[in-house]
Amino acid sequence: MHVIKRDGRQERVMFDKITSRIQKLCYGLNMDFVDPAQITMKVIQGLYSGVTTVELDTLAAETAATLTTKHPDYAILAARIAVSNLHKEAKKVFSDVMEDLYNYINPHNGKHSPMVAKSTLDIVLANKDRLNSAIIYDRDFSYNYFGFKTLERSYLLKINGKVAERPQHMLMRVSVGIHKEDIDAAIETYNLLSERWFTHASPTLFNAGTNRPQLSSCFLLSMKDDSIEGIYDTLKQCALISKSAGGIGVAVSCIRATGSYIAGTNGNSNGLVPMLRVYNNTARYVDQGGNKRPGAFAIYLEPWHLDIFEFLDLKKNTGKEEQRARDLFFALWIPDLFMKRVETNQDWSLMCPNECPGLDEVWGEEFEKLYASYEKQGRVRKVVKAQQLWYAIIESQTETGTPYMLYKDSCNRKSNQQNLGTIKCSSLCTEIVEYTSKDEVAVCNLASLALNMYVTSEHTYDFKKLAEVTKVVVRNLNKIIDINYYPVPEACLSNKRHRPIGIGVQGLADAFILMRYPFESAEAQLLNKQIFETIYYGALEASCDLAKEQGPYETYEGSPVSKGILQYDMWNVTPTDLWDWKLLKEKIAKYGIRNSLLIAPMPTASTAQILGNNESIEPYTSNIYTRRVLSGEFQIVNPHLLKDLTERGLWHEEMKNQIIACNGSIQSIPEIPDDLKQLYKTVWEISQKTVLKMAAERGAFIDQSQSLNIHIAEPNYGKLTSMHFYGWKQGLKTGMYYLRTRPAANPIQFTLNKEKLKDKEKVSKEEEEKERNTAAMVCSLENRDECLMCGS
């Protein structure tokens with residue numbers, strides 16, 4: 001059997017040669033556990049004559065990855081094999097790689113199709129010695145196997161299907177793409193990115209330094225007008241943004257309801273559903289640049305709209321196709337008045353915005369006055385019990401995990417953009433809360449701080465370093481506003497006037513574990529607050545420094561910050577004594593700030609996978625999960641737990657099987673000591689009341705909002721109602737992003753006879769269940785405290 005080498009020569013397969021290649025990459029690993037010969041044995045079994053050395057390395061890396069559950073060092077080895085494989089394939093020198101990317105000729109049409117911008121290449125070539133020598137290729141070896149594979153699959157630029165960039169090249173391309181001729185700043189950013197202190201968002205990593213640097217993640221729109229022109233102009237904007245791979249939030253509360261009169265045609269409106277089906281098909285058609293994921297639109301509606309019940313059915317799995325729009329995402333923009341009426345079991349009036357205009361343009365007391373005046377004038381189209389609509393909301397969430405829940409009055413009352421007008425919606429991921437109008441499409445550029453990195457070897461938390469890195473991130477995101485490619489002019493106008501940015505986090509759960517704090521402990525709750533105080537403080541200080549150089553953002557005057565009111569003031573919260581807020585407020589009073597909004601913990605799915613961190617602000621969902629690779633799928637264990645169990649001599653095949661049998665929980669495994677059981681509780685074992693409380697405590701330092709998922713293993717209407725009311729009363733802006741549930745571990749098997757139940761019996765069962773659910777919902781509203789105690 002022979003292999004084909006990289007230069008095309010053939011060579012006989014030699015067991016020892018494969019083993020020695022693997023052995024070379026085992027430096028610093030625990031050789032009591034890691035066995036290169038065992039990997040070689042498995043690799044040989046998968047070989048065929050004529051295999052290339054590239055394929056051989058890929059197989060060796062996958063094989064090492066599958067052995068990760070034996071010892072965590074196998075994961076490091078797997079990544080080293082994969083990275084060294086790429087290093088042999090891709091050129092080393094950064095400036096050479098950038099020239100190759102610029103000189104790319106498209107094989108389909110023979111035309112010059114540069115993959116990086118001429119301006120980027122010129123800067124690289126003019127500073128090539130400094131940039132080339134600043135790169136430290138060993139840092140490529142710090143990715144874990146799955147982080148590296150994610151980069152290779154989606155982030156590193158390819159020439160004719162072959163990866164051309166090394167991870168360090170990509171990070172330097174991004175740094176130069178953002179900072180242009182400011183080489184000192186580019187190298188500072190490169191070092192922080194490559195040492196994993198923070199990461200820019202995926203669109204920034206994909207597109208920085210290219211011909212079309214669309215670096216923003218989020219776009220928010222409100223309907224231009226309740227007319228055919230307005231609806232289709234907005235649709236075109238959505239299509240153009242989606243083509244550039246932006247996630248979209250759209251406010252549709254101003255669109256007239258079903259049956260409303262249309263003066264221009266003397267006809268009647270078909271309402272929201274047919275319009276949203278058109279938006280649904282656009283989302284499917286415009287799939288973020290031709291070969292990526294489908295377009296993603298979140299549709300925001302206020303619950304007084306007459307079409308609200310149909311809106312709640314749009315994502316359901318059953319029902320008539322023409323009444324569904326399953327590719328869209330749905331969110332409620334909820335005024336406090338609705339929550340109050342649900343709580344006190346009052347009536348709720350449904351209206352058409354054409355007959356009752358302006359409800360989406362006001363909030364708080366003004367909204368309540370206008371709404372009550374329309375009720376008095378009898379302009380109402382339908383009256384229902386507020387709890388009947390609440391039941392439909394809970395029913396939809398239990399079935400589909402959505403609609404998202406955002407509280408309109410909190411979003412406006414606690415916004416630094418409230419001087420611009422009423423905010424009408426959030427983003428696709430519920431963390432961006434920005435003003436939109438017919439002339440302005442709100443935009444946000446994102447980055448996330450890797451919170452695990454600031455835990456020192458002495459188990460203390462380095463707040464000073466966190467503040468320093470936050471300041472660099474602010475400067476970067478502020479620069480992106482000016483160099484960004486905007487898919488529509490309204491986005492450019494909005495972003496340059498208000499200059500909002502969104503700094504989020506990843507690895508909060510990892511930071512708690514490294515500090516040895518269980519997620520629900522008092523220590524974790526204090527650290528949670530202090531982390532977000534630090535990020536908010538650092539961000540405000542950096543934005544103030546920028547304002548000192550460049551002046552405050554255009555619409556600063558009249559904003560809460562311009563009056564000395566910061567986010568925590570709007571929550572009536574006093575910060576801890578970690579930072580000198582008095583000094584900062586004096587500085588801001590003198591110079592202002594450059595950015596209207598700063599903090600927005602977003603979901604960090606892809607970038608957290610790259611850096612090997614747990615997502616965002618979330619607890620771990622499981623201590624074991626499955627990963628798929630070409631050669632099959634295998635289990636990965638929470639690396640912190642694996643390390644702890646290995647150190648205590650508790651890690652063996654039987655333990656792995658027990659964790660798998662317990663669906664990733666360790667609570668019922670007798671050999672595991674209590675301190676580890678506390679530390680490694682999964683989200684299903686953590687009180688969601690604590691999760692909501694911690695969200696509110698950090699919320700006082702979050703001037704946008706946060707993507708907050710609620711996890712209830714087996715939701716019932718009572719538990720869910722309790723959760724929502726607790727979150728609302730805590731003052732959250734986003735009460736819920738997704739409702740995450742767990743499929744029953746042993747689904748009940750229906751026998752044929754049971755399926756043949758008479759329809760009558762089935763109907764009575766459904767009615768019984770509805771009564772039970774309603775009772776649970778009402779019970780939780782009437783006995784809030786007791787119900788929360790019995791809820792998760």
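Placement of Cβ uses the backbone N, Cα and C atoms for every residue, glycine included.
From a predicted model like this one, the values you see are computed outputs, not experimental measurements.
Listed in Swiss-Prot for this protein:
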- 1-92: domain 'ATP-cone' (DOMAIN)
- Lys5, Arg6, Glu11, Arg12, Val13, Met14, Phe15, Asp16, Lys17, Thr53, Asp57: ATP binding site (BINDING)
- Lys17: N6-acetyllysine (MOD_RES)
- Cys218: site 'Important for hydrogen atom transfer' (SITE)
- Lys376: N6-acetyllysine (MOD_RES)
- Ser427: active site, proton acceptor (ACT_SITE)
- Glu431: active site, proton acceptor (ACT_SITE)
- Cys444: site 'Important for hydrogen atom transfer' (SITE)
- Thr751: phosphothreonine (MOD_RES)
- Cys787: site 'Interacts with thioredoxin/glutaredoxin' (SITE)
- Cys790: site 'Interacts with thioredoxin/glutaredoxin' (SITE)
Close recorded positions near Ser427 (active site, proton acceptor), where close means Cα within 10 Å, chosen from Phe15, Lys17, Cys218: Cys218
All-chain count of other Cβ atoms within 10 Å of Val13 (ATP binding site): 15
Fewest-neighbour residue among recorded positions, criterion Cβ within 10 Å, set Lys5, Lys17, Lys376: Lys376
Neighbour count (Cβ, 10 Å) for Glu431 (active site, proton acceptor): 28
Cys444 (site 'Important for hydrogen atom transfer') versus Lys376 (N6-acetyllysine) - Cα distance in angstrom: 41
Recorded ATP site residues Lys5, Arg6, Glu11, Arg12, Val13, Met14, Phe15, Asp16, Lys17, Thr53, Asp57, farthest C-alpha pair in Å: 19
Spatial neighbours of Phe15 (ATP binding site) that are distant in sequence (at least 6 apart) but have CB under 8 A: Thr40, Ile44
Cβ neighbours of Asp57 (ATP binding site) where a neighbour is any other Cβ within 10 Å: 21
Rounded mean pLDDT for the residues that make up the domain 'ATP-cone' (1-92): 83
Spatial separation of Glu431 (active site, proton acceptor) from Glu11 (ATP binding site) - C-alpha basis, Å: 56
Other CB atoms within 10 A, centred on Glu11 (ATP binding site): 11
By Cα-Cα distance, the member of recorded positions Lys5, Val13, Lys17, Asp57, Cys444 nearest Glu431 (active site, proton acceptor): Cys444
Cys218 (site 'Important for hydrogen atom transfer') versus Lys5 (ATP binding site) - Cα distance in angstrom: 45
CB contacts for Cys444 (site 'Important for hydrogen atom transfer') [other CB atoms within 10 A, all chains]: 27
Euclidean distance between Cα atoms of Cys444 (site 'Important for hydrogen atom transfer') and Cys218 (site 'Important for hydrogen atom transfer'), Å: 5
For Cys218 (site 'Important for hydrogen atom transfer'), the number of other Cβ atoms found within 10 Å of its own Cβ: 28
Tally of DSSP helical, extended and coil residues in the domain 'ATP-cone' (1-92): 51 helix, 8 strand, 33 coil
